[in-house]
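So that you can see what the record holds, here are the features copied from TrEMBL:
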COMPBIAS  288-319  compositional bias 'Basic and acidic residues'
REGION    276-337  region 'Disordered'
TRANSMEM  7-26  transmembrane segment
TRANSMEM  46-68  transmembrane segment
TRANSMEM  88-109  transmembrane segment
TRANSMEM  154-180  transmembrane segment
TRANSMEM  195-214  transmembrane segment
TRANSMEM  235-261  transmembrane segment
TRANSMEM  426-447  transmembrane segment
TRANSMEM  509-533  transmembrane segment
């Protein structure tokens, strides 16, 4: 173990930057996957999803995410092998963060929704194998002291979850959509039915999310005994609190929200009809050049940012003109910034329906339902997206920041303090900021793939998908089933799509997604192993120079000693000393010792021979 910890400060700094980079990837992939159904169903826009994520993911992470997180994720790596060299674990975790971020961005580019948790676990497996060998990895372990399925941990249960997560979520989402379709969508007065069921469905969603937050989010230690809230309340009280809040809010919605919702739905439908009529009239009328206030399109664009065409051109050339005071320059800069943000978040993720024949066939073959009924489900979906975002931030963001929390914990304590550490709020702030930027700038790829291309998405389907996935996640969290939120979301989406038959699912995209799940552990593990091996085992020019000087000094000392022994008539002893030195070098090298340790061992052998001779 080193005494000079300042030399590893760069790992903390680099780890923080890479943690933001990985959080960006989480926003582009994992969080985008969570919002895919809401954006795909047009319940919210991409810009609104960014706002919801920015507020509720961030709040969930900072307020409830400061939990006791396994620094060696999910029990897949042994901690004991790193106790003597914690600085190696620091560097290894930095490699895990870098590889995870790279994979999440590559997967987002390839339209592959992958599990952040499994990505980090794959990286830790690769790092542990490279650092300490197979004995450092927990392939399978049974702990009889734990309850229910929490007894099982290691790599094997994670592989099982690849099947368990999507299958369970798919069947439950199918059941929920079957219920919604049978009792609401296919009813002769489906719109009124949707208003009747709305408070009940909101109450169920509230109850599930409250239960989830208690058991997976709120892990701060409370009271004199420093127990988690879930341990203090127990399953019974947690269930009663969740059901009670769900009931109270559901009843309140019936009396105070439903009357407004009815008027709002009718208003939205009238506006949609007006826009459709206007669009139809424009398509039938003669095409005319469109000008705003007598300006060209270029000048109109300029005026939307508060500038005339001439002044806009002047400002682009650095001339402030008549109105070029600092306030106007600030407004112009703010306008350009707002325009840039709008261009980023105003992505047309639904255009693929017209350009991709396979996607168009899925939408054409799938049934559509009453527009007013779907409109009411949009508000329900906005609510579920908000609640899921808060719970996701409370759980997954803190977990994703676990590897960097390990780096900080080791550096702060100047050594390995144990298998668990508190995740500081400032680390969660890095995660919350990163995911917001990632969703805003690159989340559209995964949203388009899962929310538009995989199945036909509507508000009613999206609600069943979100509630089905959330239910399985809550149950799995309670009983220790190693589920992935990503796998649950995709499984639920496919389950609802299959309600339209096999033509209701983009099988080609689904196959690509499954392949992505399988290779996640291998891909991230391999990249992490390469990063780690390059940094730890690759030759170092300064170290090689030091070793060469050390070797020359050792060889010179040995030569002087053997010459002295020969002059004293101890030629046989000199020969034995030389042989002992060479044999020790060979033995140490065969034992895979580091260079410095090899020469230290050889020098110890020489020293022992000299002491024996002198005695």
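Placed from the backbone N, Cα and C atoms, the Cβ positions cover glycine too.
Counting only same-chain residues 6+ beyond the ends of the transmembrane segment (7-26), those with a CB under 8 A from a CB of the stretch are 87, 90-91, 93-94, 97-98, 100-105, 108, 116, 396-397, 400-401, 403-404, 407-408, 411, 427, 430-435, 437-438, 442. Relative to the transmembrane segment (235-261), the listed stretch 195-214 leads the set 88-109, 154-180, 195-214, 426-447, 509-533 in CB pairs under 8 A. Counted over residue pairs separated by six or more positions, the transmembrane segment (426-447) shares at least 3 Cβ pairs under 8 angstroms with the transmembrane segment (88-109), which defines the two as touching. Counting Cβ pairs under 8 Å to the transmembrane segment (154-180), the stretch among 88-109, 195-214, 509-533 with the most such contacts is 509-533.
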